[in-house]
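Database features (Swiss-Prot):
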- 58-290: disulfide bond (DISULFID)
- 71-83: disulfide bond (DISULFID)
- 106-151: disulfide bond (DISULFID)
- 294-318: disulfide bond (DISULFID)
- 486-490: disulfide bond (DISULFID)
- 26: N-linked glycosylation site (CARBOHYD)
- 27: N-linked glycosylation site (CARBOHYD)
- 39: N-linked glycosylation site (CARBOHYD)
- 181: N-linked glycosylation site (CARBOHYD)
- 302: N-linked glycosylation site (CARBOHYD)
- 496: N-linked glycosylation site (CARBOHYD)
- 553: S-palmitoyl cysteine (LIPID)
- 560: S-palmitoyl cysteine (LIPID)
- 563: S-palmitoyl cysteine (LIPID)
- 1-16: signal peptide (SIGNAL)
- 17-527: topological domain 'Extracellular' (TOPO_DOM)
- 549-564: topological domain 'Cytoplasmic' (TOPO_DOM)
- 528-548: transmembrane segment (TRANSMEM)
(Lines of atoms letter the chains of each structure in order from A and count residues from 1; the text may use other names and numbers.)
(Lines give C-alpha, C1' and ligand atoms only; values in the text may rest on other atoms or scores of the structure.)
Protein backbone atom coordinates (compact mmCIF):
# COMPACT_ATOMS: atom_id res chain seq x y z
CA UNK A 1 0.00 0.00 0.00
CA UNK A 2 2.85 2.35 0.86
CA UNK A 3 4.45 1.75 -2.54
CA UNK A 4 1.19 2.59 -4.32
CA UNK A 5 1.01 5.90 -2.45
CA UNK A 6 4.60 6.67 -3.47
CA UNK A 7 3.86 5.86 -7.12
CA UNK A 8 0.76 8.08 -7.08
CA UNK A 9 2.79 10.88 -5.53
CA UNK A 10 5.38 10.63 -8.29
CA UNK A 11 2.67 10.66 -10.97
CA UNK A 12 1.16 13.72 -9.30
CA UNK A 13 4.56 15.43 -9.43
CA UNK A 14 4.89 14.82 -13.16
CA UNK A 15 1.49 16.37 -13.84
CA UNK A 16 2.28 19.73 -12.21
CA UNK A 17 1.52 23.04 -13.97
CA UNK A 18 4.06 23.83 -16.67
CA UNK A 19 5.10 26.65 -18.97
CA UNK A 20 7.41 26.16 -21.95
CA UNK A 21 9.33 28.55 -24.15
CA UNK A 22 9.45 27.66 -27.82
CA UNK A 23 9.43 28.93 -31.35
CA UNK A 24 7.31 28.80 -34.46
CA UNK A 25 7.49 25.95 -36.97
CA UNK A 26 5.59 25.37 -40.20
CA UNK A 27 5.47 23.16 -43.27
CA UNK A 28 8.09 25.17 -45.16
CA UNK A 29 10.70 23.27 -47.15
CA UNK A 30 12.80 26.36 -47.95
CA UNK A 31 16.48 25.73 -47.44
CA UNK A 32 19.43 28.08 -47.00
CA UNK A 33 23.17 27.69 -46.64
CA UNK A 34 25.29 29.17 -43.86
CA UNK A 35 29.00 29.35 -43.16
CA UNK A 36 28.77 26.19 -41.04
CA UNK A 37 25.94 24.22 -42.68
CA UNK A 38 24.32 23.54 -46.03
CA UNK A 39 20.64 23.00 -46.82
CA UNK A 40 19.26 24.25 -43.50
CA UNK A 41 15.45 24.16 -43.58
CA UNK A 42 13.95 27.45 -42.36
CA UNK A 43 10.45 28.75 -41.74
CA UNK A 44 10.88 31.77 -44.00
CA UNK A 45 13.43 32.76 -46.64
CA UNK A 46 13.85 35.36 -49.35
CA UNK A 47 15.39 34.65 -52.74
CA UNK A 48 17.70 37.49 -53.85
CA UNK A 49 18.83 35.95 -57.15
CA UNK A 50 16.71 36.66 -60.20
CA UNK A 51 16.73 33.78 -62.67
CA UNK A 52 13.84 34.70 -64.98
CA UNK A 53 13.46 36.94 -68.03
CA UNK A 54 10.62 37.49 -70.50
CA UNK A 55 12.52 36.60 -73.68
CA UNK A 56 11.68 39.95 -75.32
CA UNK A 57 13.25 43.26 -76.24
CA UNK A 58 11.38 45.97 -74.34
CA UNK A 59 11.26 49.72 -74.05
CA UNK A 60 13.49 51.05 -71.34
CA UNK A 61 11.56 53.34 -69.01
CA UNK A 62 9.08 54.09 -71.78
CA UNK A 63 11.63 54.73 -74.55
CA UNK A 64 11.75 52.19 -77.37
CA UNK A 65 15.01 50.65 -78.52
CA UNK A 66 16.36 51.21 -82.02
CA UNK A 67 16.27 47.69 -83.46
CA UNK A 68 18.32 47.70 -86.65
CA UNK A 69 16.96 44.34 -87.87
CA UNK A 70 19.23 43.21 -90.75
CA UNK A 71 21.21 46.46 -90.81
CA UNK A 72 24.49 47.16 -89.07
CA UNK A 73 25.39 50.40 -87.36
CA UNK A 74 27.61 51.27 -90.33
CA UNK A 75 24.80 50.50 -92.78
CA UNK A 76 22.44 52.71 -90.80
CA UNK A 77 24.80 55.68 -90.43
CA UNK A 78 26.05 55.67 -94.03
CA UNK A 79 22.58 54.98 -95.41
CA UNK A 80 22.68 51.54 -97.00
CA UNK A 81 19.75 51.52 -99.48
CA UNK A 82 18.37 48.44 -97.72
CA UNK A 83 18.19 50.43 -94.47
CA UNK A 84 15.95 53.26 -95.68
CA UNK A 85 13.53 52.74 -92.80
CA UNK A 86 16.26 54.07 -90.50
CA UNK A 87 17.02 57.27 -92.44
CA UNK A 88 15.27 59.25 -89.70
CA UNK A 89 14.82 57.61 -86.32
CA UNK A 90 13.31 58.91 -83.07
CA UNK A 91 14.99 58.88 -79.69
CA UNK A 92 16.15 55.43 -78.58
CA UNK A 93 16.97 53.87 -75.22
CA UNK A 94 19.47 51.41 -76.66
CA UNK A 95 20.47 50.05 -80.07
CA UNK A 96 20.01 46.43 -81.09
CA UNK A 97 22.25 44.94 -83.76
CA UNK A 98 22.32 41.31 -84.88
CA UNK A 99 25.52 39.32 -84.61
CA UNK A 100 26.01 39.21 -88.38
CA UNK A 101 23.75 41.78 -90.06
CA UNK A 102 23.64 41.39 -93.83
CA UNK A 103 23.15 45.06 -94.68
CA UNK A 104 26.35 46.82 -93.68
CA UNK A 105 28.98 48.15 -96.07
CA UNK A 106 27.33 47.08 -99.31
CA UNK A 107 30.33 48.39 -101.26
CA UNK A 108 33.21 46.37 -99.77
CA UNK A 109 35.71 48.13 -97.58
CA UNK A 110 36.41 49.24 -94.06
CA UNK A 111 35.05 51.66 -91.47
CA UNK A 112 37.95 53.31 -89.68
CA UNK A 113 37.76 53.29 -85.86
CA UNK A 114 34.38 51.57 -86.11
CA UNK A 115 34.59 50.10 -82.62
CA UNK A 116 35.39 53.52 -81.16
CA UNK A 117 32.35 54.95 -82.92
CA UNK A 118 30.16 52.26 -81.39
CA UNK A 119 31.59 53.09 -77.99
CA UNK A 120 30.74 56.76 -78.56
CA UNK A 121 27.15 55.81 -79.31
CA UNK A 122 26.83 54.15 -75.90
CA UNK A 123 26.40 57.68 -74.54
CA UNK A 124 23.97 58.90 -77.22
CA UNK A 125 20.19 58.60 -77.28
CA UNK A 126 19.19 60.66 -80.30
CA UNK A 127 20.61 61.89 -83.60
CA UNK A 128 19.09 64.58 -85.76
CA UNK A 129 20.20 64.27 -89.36
CA UNK A 130 21.02 67.57 -91.03
CA UNK A 131 22.30 68.40 -94.51
CA UNK A 132 25.72 70.03 -94.48
CA UNK A 133 26.80 69.90 -98.16
CA UNK A 134 23.85 69.63 -100.58
CA UNK A 135 24.24 67.16 -103.41
CA UNK A 136 23.30 69.77 -106.01
CA UNK A 137 26.12 72.07 -104.87
CA UNK A 138 28.73 70.00 -106.74
CA UNK A 139 28.47 71.87 -110.04
CA UNK A 140 31.93 70.92 -111.33
CA UNK A 141 31.68 67.27 -110.38
CA UNK A 142 29.27 64.45 -111.19
CA UNK A 143 27.27 63.77 -108.01
CA UNK A 144 24.74 61.35 -109.51
CA UNK A 145 26.78 58.73 -111.38
CA UNK A 146 28.54 57.42 -108.29
CA UNK A 147 26.47 54.26 -107.85
CA UNK A 148 27.28 50.56 -107.73
CA UNK A 149 25.58 47.25 -108.37
CA UNK A 150 26.93 46.23 -104.94
CA UNK A 151 24.32 48.54 -103.37
CA UNK A 152 21.13 47.76 -105.28
CA UNK A 153 17.76 49.37 -104.70
CA UNK A 154 14.62 48.29 -106.54
CA UNK A 155 16.73 46.28 -108.97
CA UNK A 156 18.97 49.20 -109.93
CA UNK A 157 22.45 50.29 -108.87
CA UNK A 158 22.49 52.70 -105.97
CA UNK A 159 24.77 53.98 -103.21
CA UNK A 160 24.84 55.03 -99.56
CA UNK A 161 22.18 57.70 -98.97
CA UNK A 162 24.13 59.97 -96.63
CA UNK A 163 27.36 60.41 -98.62
CA UNK A 164 28.11 61.33 -102.27
CA UNK A 165 30.53 59.46 -104.50
CA UNK A 166 31.98 62.24 -106.66
CA UNK A 167 33.02 61.36 -110.23
CA UNK A 168 34.80 63.44 -112.87
CA UNK A 169 32.67 65.70 -115.04
CA UNK A 170 33.53 66.53 -118.64
CA UNK A 171 36.78 64.58 -118.28
CA UNK A 172 37.90 66.86 -115.47
CA UNK A 173 38.07 66.59 -111.70
CA UNK A 174 38.87 70.05 -110.33
CA UNK A 175 40.43 70.18 -106.87
CA UNK A 176 37.75 70.33 -104.22
CA UNK A 177 38.01 72.82 -101.38
CA UNK A 178 35.01 72.88 -99.08
CA UNK A 179 34.58 74.08 -95.50
CA UNK A 180 31.65 73.59 -93.14
CA UNK A 181 31.25 75.63 -89.93
CA UNK A 182 29.34 74.04 -87.07
CA UNK A 183 27.06 76.83 -85.93
CA UNK A 184 24.91 74.43 -83.92
CA UNK A 185 25.08 74.20 -80.15
CA UNK A 186 25.43 70.42 -80.43
CA UNK A 187 28.31 68.25 -81.54
CA UNK A 188 28.17 66.89 -85.10
CA UNK A 189 29.06 63.39 -86.25
CA UNK A 190 30.49 63.71 -89.77
CA UNK A 191 31.35 60.80 -92.07
CA UNK A 192 33.34 60.72 -95.33
CA UNK A 193 35.37 58.23 -97.34
CA UNK A 194 37.96 57.46 -99.98
CA UNK A 195 37.76 55.05 -102.90
CA UNK A 196 40.61 52.61 -103.61
CA UNK A 197 40.32 51.54 -107.30
CA UNK A 198 41.25 48.15 -108.66
CA UNK A 199 43.70 49.45 -111.27
CA UNK A 200 45.03 52.59 -112.95
CA UNK A 201 42.48 52.34 -115.74
CA UNK A 202 39.61 52.53 -113.26
CA UNK A 203 41.35 55.44 -111.53
CA UNK A 204 41.51 57.45 -114.75
CA UNK A 205 38.03 56.42 -115.84
CA UNK A 206 36.46 57.70 -112.65
CA UNK A 207 38.65 60.60 -111.57
CA UNK A 208 40.84 61.54 -114.55
CA UNK A 209 43.72 62.40 -112.24
CA UNK A 210 46.27 59.71 -111.42
CA UNK A 211 47.93 61.13 -108.29
CA UNK A 212 45.07 61.96 -105.98
CA UNK A 213 44.49 62.54 -102.29
CA UNK A 214 41.81 63.36 -99.75
CA UNK A 215 42.73 65.81 -97.01
CA UNK A 216 40.53 66.61 -93.99
CA UNK A 217 41.23 69.06 -91.17
CA UNK A 218 39.59 70.47 -88.05
CA UNK A 219 40.99 72.16 -84.95
CA UNK A 220 41.91 68.71 -83.66
CA UNK A 221 42.19 66.61 -86.85
CA UNK A 222 44.80 66.65 -89.60
CA UNK A 223 44.40 63.73 -92.00
CA UNK A 224 45.61 63.07 -95.53
CA UNK A 225 44.66 59.84 -97.33
CA UNK A 226 46.02 58.51 -100.62
CA UNK A 227 44.20 55.89 -102.73
CA UNK A 228 45.80 52.47 -102.78
CA UNK A 229 45.46 50.97 -106.26
CA UNK A 230 45.78 47.20 -106.20
CA UNK A 231 44.32 44.05 -107.71
CA UNK A 232 41.97 42.39 -105.23
CA UNK A 233 39.48 39.55 -105.24
CA UNK A 234 35.93 40.57 -105.91
CA UNK A 235 33.52 41.08 -103.03
CA UNK A 236 29.89 41.83 -103.91
CA UNK A 237 31.11 41.93 -107.50
CA UNK A 238 33.65 44.70 -106.75
CA UNK A 239 37.45 44.63 -106.86
CA UNK A 240 37.69 48.17 -105.54
CA UNK A 241 37.41 49.09 -101.85
CA UNK A 242 36.11 52.05 -99.89
CA UNK A 243 37.40 53.29 -96.58
CA UNK A 244 35.17 55.43 -94.38
CA UNK A 245 36.17 57.84 -91.62
CA UNK A 246 34.35 59.84 -88.97
CA UNK A 247 34.96 62.69 -86.58
CA UNK A 248 33.08 64.75 -84.00
CA UNK A 249 32.91 68.42 -84.91
CA UNK A 250 32.47 70.61 -81.85
CA UNK A 251 30.30 73.75 -81.85
CA UNK A 252 32.01 76.78 -83.46
CA UNK A 253 34.60 74.50 -85.06
CA UNK A 254 35.01 74.03 -88.81
CA UNK A 255 35.90 71.07 -91.00
CA UNK A 256 37.72 71.53 -94.33
CA UNK A 257 37.91 69.04 -97.19
CA UNK A 258 40.41 69.12 -100.02
CA UNK A 259 40.67 66.49 -102.77
CA UNK A 260 41.50 66.01 -106.43
CA UNK A 261 39.89 62.58 -106.72
CA UNK A 262 38.52 59.46 -105.03
CA UNK A 263 36.53 61.53 -102.52
CA UNK A 264 33.34 60.21 -100.88
CA UNK A 265 31.87 63.48 -99.64
CA UNK A 266 29.42 63.93 -96.74
CA UNK A 267 25.96 65.18 -97.61
CA UNK A 268 24.38 64.67 -94.21
CA UNK A 269 25.76 64.79 -90.70
CA UNK A 270 24.28 63.75 -87.38
CA UNK A 271 23.58 66.33 -84.73
CA UNK A 272 23.92 64.71 -81.30
CA UNK A 273 20.84 66.21 -79.68
CA UNK A 274 20.64 64.00 -76.63
CA UNK A 275 23.31 62.26 -74.63
CA UNK A 276 22.68 59.66 -71.98
CA UNK A 277 23.09 56.04 -71.03
CA UNK A 278 22.69 53.80 -74.03
CA UNK A 279 24.32 50.73 -75.51
CA UNK A 280 24.63 48.66 -78.65
CA UNK A 281 23.29 45.25 -77.74
CA UNK A 282 23.78 42.12 -79.82
CA UNK A 283 20.51 40.21 -80.03
CA UNK A 284 18.34 38.31 -82.48
CA UNK A 285 15.10 39.09 -80.61
CA UNK A 286 12.23 41.23 -81.86
CA UNK A 287 10.44 44.04 -80.04
CA UNK A 288 7.95 42.64 -77.55
CA UNK A 289 5.73 45.69 -76.93
CA UNK A 290 6.72 45.82 -73.26
CA UNK A 291 8.51 48.09 -70.83
CA UNK A 292 11.31 47.35 -68.40
CA UNK A 293 14.04 48.88 -66.27
CA UNK A 294 16.61 46.25 -67.18
CA UNK A 295 17.31 44.66 -70.54
CA UNK A 296 19.60 41.79 -71.50
CA UNK A 297 20.25 40.28 -74.96
CA UNK A 298 18.06 37.28 -74.07
CA UNK A 299 15.15 39.18 -72.53
CA UNK A 300 14.04 41.82 -70.06
CA UNK A 301 14.34 41.50 -66.29
CA UNK A 302 11.70 43.04 -64.06
CA UNK A 303 12.94 42.43 -60.55
CA UNK A 304 13.84 44.20 -57.32
CA UNK A 305 16.37 41.53 -56.41
CA UNK A 306 19.99 42.64 -56.03
CA UNK A 307 21.51 39.83 -58.12
CA UNK A 308 20.71 37.93 -61.32
CA UNK A 309 22.24 35.15 -63.37
CA UNK A 310 20.36 35.76 -66.64
CA UNK A 311 23.13 37.25 -68.81
CA UNK A 312 26.36 39.14 -68.08
CA UNK A 313 25.50 41.97 -70.53
CA UNK A 314 22.78 44.39 -69.42
CA UNK A 315 21.46 47.90 -69.99
CA UNK A 316 19.40 49.94 -67.52
CA UNK A 317 18.89 49.72 -63.79
CA UNK A 318 19.83 46.09 -63.34
CA UNK A 319 20.76 43.72 -60.56
CA UNK A 320 24.38 42.67 -60.48
CA UNK A 321 25.23 39.61 -62.53
CA UNK A 322 26.75 36.67 -60.67
CA UNK A 323 27.50 33.12 -61.72
CA UNK A 324 25.63 31.63 -58.75
CA UNK A 325 22.68 29.28 -59.10
CA UNK A 326 21.26 29.99 -55.63
CA UNK A 327 21.30 33.01 -53.30
CA UNK A 328 18.65 32.73 -50.57
CA UNK A 329 18.56 34.82 -47.40
CA UNK A 330 17.10 33.30 -44.25
CA UNK A 331 14.46 35.57 -42.74
CA UNK A 332 12.84 33.05 -40.40
CA UNK A 333 14.00 30.42 -37.95
CA UNK A 334 15.33 26.92 -38.28
CA UNK A 335 12.30 24.86 -39.16
CA UNK A 336 12.21 21.82 -36.86
CA UNK A 337 8.58 20.60 -36.83
CA UNK A 338 7.35 19.02 -33.61
CA UNK A 339 7.32 15.25 -33.21
CA UNK A 340 3.64 14.75 -32.53
CA UNK A 341 3.86 11.07 -31.55
CA UNK A 342 5.96 11.76 -28.47
CA UNK A 343 3.58 13.94 -26.53
CA UNK A 344 3.79 17.65 -25.92
CA UNK A 345 5.89 18.27 -22.82
CA UNK A 346 9.33 16.78 -22.44
CA UNK A 347 9.60 15.72 -26.08
CA UNK A 348 8.58 18.46 -28.45
CA UNK A 349 8.19 21.55 -26.32
CA UNK A 350 10.76 24.28 -26.15
CA UNK A 351 13.65 25.21 -28.33
CA UNK A 352 15.68 22.06 -27.72
CA UNK A 353 13.83 19.39 -29.69
CA UNK A 354 11.46 21.14 -32.03
CA UNK A 355 9.24 24.08 -32.89
CA UNK A 356 5.51 24.53 -32.53
CA UNK A 357 3.27 24.49 -35.55
CA UNK A 358 0.36 25.44 -33.30
CA UNK A 359 1.83 28.88 -32.62
CA UNK A 360 0.99 30.85 -35.75
CA UNK A 361 0.90 34.47 -34.59
CA UNK A 362 4.55 34.90 -33.63
CA UNK A 363 8.07 33.60 -33.98
CA UNK A 364 8.67 33.01 -30.28
CA UNK A 365 6.27 32.33 -27.44
CA UNK A 366 4.91 30.11 -24.70
CA UNK A 367 2.87 26.99 -24.16
CA UNK A 368 1.25 26.45 -20.78
CA UNK A 369 -0.61 23.60 -19.14
CA UNK A 370 -2.63 23.79 -15.92
CA UNK A 371 -5.96 22.70 -14.47
CA UNK A 372 -7.77 25.22 -16.66
CA UNK A 373 -6.33 23.72 -19.84
CA UNK A 374 -3.45 24.43 -22.18
CA UNK A 375 -2.62 26.80 -25.02
CA UNK A 376 -0.10 28.78 -27.06
CA UNK A 377 0.69 32.46 -26.74
CA UNK A 378 3.18 34.32 -28.92
CA UNK A 379 5.56 36.85 -27.44
CA UNK A 380 4.67 39.64 -29.82
CA UNK A 381 7.22 42.14 -28.53
CA UNK A 382 10.27 39.98 -29.21
CA UNK A 383 8.74 38.74 -32.47
CA UNK A 384 8.13 42.27 -33.75
CA UNK A 385 11.63 43.40 -32.83
CA UNK A 386 13.07 40.41 -34.68
CA UNK A 387 10.89 41.03 -37.74
CA UNK A 388 11.87 44.71 -37.83
CA UNK A 389 15.54 43.88 -37.44
CA UNK A 390 15.61 41.24 -40.16
CA UNK A 391 13.44 43.29 -42.53
CA UNK A 392 15.73 46.28 -42.14
CA UNK A 393 18.76 44.08 -42.73
CA UNK A 394 17.34 42.52 -45.90
CA UNK A 395 16.25 45.91 -47.23
CA UNK A 396 19.68 47.32 -46.45
CA UNK A 397 21.39 44.52 -48.36
CA UNK A 398 19.08 45.00 -51.34
CA UNK A 399 19.48 48.79 -51.31
CA UNK A 400 23.25 48.57 -51.14
CA UNK A 401 23.56 46.01 -53.91
CA UNK A 402 20.62 46.98 -56.13
CA UNK A 403 22.14 50.10 -57.66
CA UNK A 404 22.08 50.90 -61.36
CA UNK A 405 24.58 48.61 -62.98
CA UNK A 406 25.28 48.26 -66.68
CA UNK A 407 27.60 45.86 -68.41
CA UNK A 408 27.63 46.38 -72.15
CA UNK A 409 29.74 44.51 -74.64
CA UNK A 410 32.98 46.07 -75.81
CA UNK A 411 33.95 46.16 -79.48
CA UNK A 412 37.40 45.10 -80.70
CA UNK A 413 38.69 44.92 -84.25
CA UNK A 414 40.70 42.07 -85.71
CA UNK A 415 44.00 43.67 -84.70
CA UNK A 416 42.97 43.84 -81.05
CA UNK A 417 42.34 40.16 -80.31
CA UNK A 418 44.95 40.03 -77.59
CA UNK A 419 43.35 43.04 -75.91
CA UNK A 420 39.94 41.41 -76.30
CA UNK A 421 41.16 38.18 -74.72
CA UNK A 422 42.74 40.12 -71.88
CA UNK A 423 39.51 42.07 -71.41
CA UNK A 424 37.50 38.84 -71.24
CA UNK A 425 39.86 37.43 -68.64
CA UNK A 426 39.55 40.61 -66.57
CA UNK A 427 35.76 40.58 -66.82
CA UNK A 428 35.66 36.90 -65.86
CA UNK A 429 37.86 37.74 -62.90
CA UNK A 430 35.54 40.53 -61.81
CA UNK A 431 32.53 38.22 -62.15
CA UNK A 432 34.27 35.59 -60.05
CA UNK A 433 34.94 38.20 -57.36
CA UNK A 434 31.34 39.45 -57.47
CA UNK A 435 30.03 35.91 -57.25
CA UNK A 436 32.29 35.06 -54.33
CA UNK A 437 31.35 38.26 -52.49
CA UNK A 438 27.63 37.68 -53.03
CA UNK A 439 27.77 34.07 -51.87
CA UNK A 440 29.90 34.95 -48.85
CA UNK A 441 27.52 37.77 -47.94
CA UNK A 442 24.55 35.41 -48.00
CA UNK A 443 26.34 32.69 -46.00
CA UNK A 444 27.42 35.15 -43.31
CA UNK A 445 24.03 36.86 -43.05
CA UNK A 446 22.22 33.53 -42.84
CA UNK A 447 24.53 32.42 -40.04
CA UNK A 448 23.89 35.68 -38.20
CA UNK A 449 20.12 35.44 -38.70
CA UNK A 450 19.83 31.91 -37.32
CA UNK A 451 22.12 32.79 -34.40
CA UNK A 452 19.97 35.87 -33.84
CA UNK A 453 16.83 33.72 -33.55
CA UNK A 454 18.56 31.27 -31.20
CA UNK A 455 19.65 34.19 -29.06
CA UNK A 456 16.12 35.61 -28.94
CA UNK A 457 14.69 32.27 -27.77
CA UNK A 458 17.39 31.97 -25.13
CA UNK A 459 16.69 35.52 -23.93
CA UNK A 460 13.02 34.67 -23.58
CA UNK A 461 13.91 31.52 -21.65
CA UNK A 462 16.21 33.49 -19.33
CA UNK A 463 13.48 36.07 -18.78
CA UNK A 464 11.17 33.35 -17.44
CA UNK A 465 13.90 31.60 -15.45
CA UNK A 466 14.89 34.82 -13.65
CA UNK A 467 11.27 35.44 -12.68
CA UNK A 468 10.47 31.96 -11.40
CA UNK A 469 13.78 31.24 -9.65
CA UNK A 470 13.20 28.31 -7.27
CA UNK A 471 9.40 28.48 -7.56
CA UNK A 472 9.72 26.13 -10.53
CA UNK A 473 11.98 23.39 -11.79
CA UNK A 474 13.79 23.48 -15.15
CA UNK A 475 12.98 20.32 -17.07
CA UNK A 476 15.88 20.76 -19.49
CA UNK A 477 13.81 20.94 -22.66
CA UNK A 478 12.68 24.55 -22.57
CA UNK A 479 9.98 23.90 -19.97
CA UNK A 480 9.48 24.88 -16.32
CA UNK A 481 7.37 22.90 -13.87
CA UNK A 482 5.82 24.99 -11.10
CA UNK A 483 6.08 24.00 -7.45
CA UNK A 484 2.77 25.81 -6.94
CA UNK A 485 -0.57 26.07 -8.64
CA UNK A 486 -0.42 28.51 -11.53
CA UNK A 487 -3.77 29.44 -13.06
CA UNK A 488 -4.21 31.35 -16.32
CA UNK A 489 -3.76 34.71 -14.59
CA UNK A 490 -0.51 33.45 -13.08
CA UNK A 491 0.63 32.19 -16.50
CA UNK A 492 -0.11 35.58 -18.06
CA UNK A 493 1.97 37.32 -15.38
CA UNK A 494 4.92 35.10 -16.30
CA UNK A 495 4.50 35.95 -19.97
CA UNK A 496 4.24 39.70 -19.47
CA UNK A 497 7.02 39.88 -16.88
CA UNK A 498 4.89 40.75 -13.82
CA UNK A 499 5.13 37.40 -12.03
CA UNK A 500 4.98 37.91 -8.21
CA UNK A 501 7.68 35.63 -6.86
CA UNK A 502 7.01 36.29 -3.10
CA UNK A 503 3.31 35.50 -3.53
CA UNK A 504 4.07 31.89 -4.48
CA UNK A 505 7.37 31.30 -2.70
CA UNK A 506 5.92 29.78 0.52
CA UNK A 507 3.64 27.35 -1.34
CA UNK A 508 6.54 26.44 -3.59
CA UNK A 509 8.85 25.82 -0.63
CA UNK A 510 6.37 23.48 1.06
CA UNK A 511 5.67 21.53 -2.12
CA UNK A 512 9.35 21.35 -2.92
CA UNK A 513 10.13 19.89 0.53
CA UNK A 514 7.26 17.42 0.24
CA UNK A 515 8.41 16.30 -3.18
CA UNK A 516 12.00 15.94 -1.98
CA UNK A 517 10.79 13.81 0.98
CA UNK A 518 8.73 11.56 -1.26
CA UNK A 519 11.72 11.13 -3.54
CA UNK A 520 14.00 10.18 -0.65
CA UNK A 521 11.51 7.65 0.75
CA UNK A 522 10.89 6.15 -2.64
CA UNK A 523 14.61 5.99 -3.23
CA UNK A 524 15.11 4.01 0.06
CA UNK A 525 12.29 1.62 -0.78
CA UNK A 526 13.65 1.03 -4.24
CA UNK A 527 17.13 0.44 -2.83
CA UNK A 528 15.75 -2.31 -0.48
CA UNK A 529 13.81 -3.85 -3.34
CA UNK A 530 16.89 -3.72 -5.52
CA UNK A 531 19.06 -5.52 -2.91
CA UNK A 532 16.39 -8.14 -2.28
CA UNK A 533 15.97 -8.73 -6.00
CA UNK A 534 19.73 -9.11 -6.52
CA UNK A 535 20.13 -11.63 -3.65
CA UNK A 536 17.08 -13.65 -4.73
CA UNK A 537 18.28 -13.79 -8.34
CA UNK A 538 21.76 -14.93 -7.32
CA UNK A 539 20.37 -17.66 -5.01
CA UNK A 540 18.04 -18.97 -7.72
CA UNK A 541 20.91 -19.07 -10.22
CA UNK A 542 23.12 -21.04 -7.76
CA UNK A 543 20.37 -23.62 -7.13
CA UNK A 544 19.87 -24.07 -10.90
CA UNK A 545 23.62 -24.64 -11.50
CA UNK A 546 23.86 -27.17 -8.60
CA UNK A 547 20.80 -29.10 -9.81
CA UNK A 548 22.16 -29.28 -13.37
CA UNK A 549 25.54 -30.54 -12.16
CA UNK A 550 23.95 -33.26 -9.99
CA UNK A 551 21.82 -34.51 -12.92
CA UNK A 552 24.80 -34.64 -15.30
CA UNK A 553 26.89 -36.57 -12.73
CA UNK A 554 24.11 -39.12 -12.19
CA UNK A 555 23.75 -40.03 -15.88
CA UNK A 556 27.49 -40.05 -16.60
CA UNK A 557 27.59 -36.90 -18.69
CA UNK A 558 29.80 -35.28 -16.10
CA UNK A 559 32.47 -37.02 -14.00
CA UNK A 560 32.81 -35.78 -10.50
CA UNK A 561 35.96 -36.54 -8.51
CA UNK A 562 36.52 -35.44 -4.97
CA UNK A 563 40.11 -35.50 -3.90
CA UNK A 564 41.19 -35.18 -0.27
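Each residue, glycine too, has its Cβ placed from N, Cα and C.
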Exercise for the section: Averaged across the topological domain 'Cytoplasmic' (549-564), what pLDDT does the model get? Just tell me the whole number, please. Expected result: 56
Fill in the blank from the handout: Keeping only the recorded positions of 26, 27, 39, 181, 290, 496 whose C-alpha lies within 10 A of that of residue 318 (disulfide bond) yields none
Practice task
Could you find out if DSSP has residue 496 (N-linked glycosylation site) as helix, strand or coil?
Solution key: helix
Exercise for the section: Translate the DSSP assignment of residue 83 (disulfide bond) into the three-state scheme. Expected result: helix
Practice task
Counting Cβ neighbours within 10 Å across all chains shown, tell me which of the glycosylation sites 26, 27, 496 comes out on top.
Solution key: 26
Handout entry: Rounded distance in angstrom between the Cα atoms of residue 294 (disulfide bond) and residue 27 (N-linked glycosylation site)
Key = 35
Practice task
Quick one: pull the CA-CA distance for residue 151 (disulfide bond) versus residue 83 (disulfide bond), whole Å only.
Solution key: 11
Fill in the blank from the handout: argmin Cα dist to residue 302 (N-linked glycosylation site) over the recorded positions 27, 181, 490 returns 27
Handout entry: Cβ packing number for residue 83 (disulfide bond), 10 Å threshold
Key = 24
